[in-house]
């Protein structure tokens, strides 16, 4: 009896481990996000268990939102692969995502826009 717990659980089958992501019903890894939150805070501070679940849920929701809009953009252009251009069109086309994501997307191109003052009136012709 060197281990101390030899006869305690001998008859019971061990329960299968359930990850925190599965408990929360998420696809994003709650454990990994919790680890990164702990190491990235000042002086390796304390992070509550629910903070990682909440952060994972937010990241999963935002990712699903961007991918849905980018998928719609690629479908409109009749292609089956999402490119950085489709991500750019999706993010800049949505007002809330545009204000949230200020990053430059490599290979995203530019958003077509002509200022109203530059558009001439119908019937008005420039004479040279």
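Positions of Cβ are set from backbone N, Cα and C atoms, glycine also.
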Which listed span Swiss-Prot calls region 'Disordered', if the choices are 1-23, 24-46: 1-23
Neighbour tally for residue 12 (N6-lactoyllysine), based on other Cβ positions within 10 Å of its Cβ: 7
Chain-internal residues near residue 14 (N6-lactoyllysine), provided their CB is under 8 angstroms and they sit 6+ positions away: none
All-chain count of other Cβ atoms within 10 Å of residue 116 (N6-lactoyllysine): 5
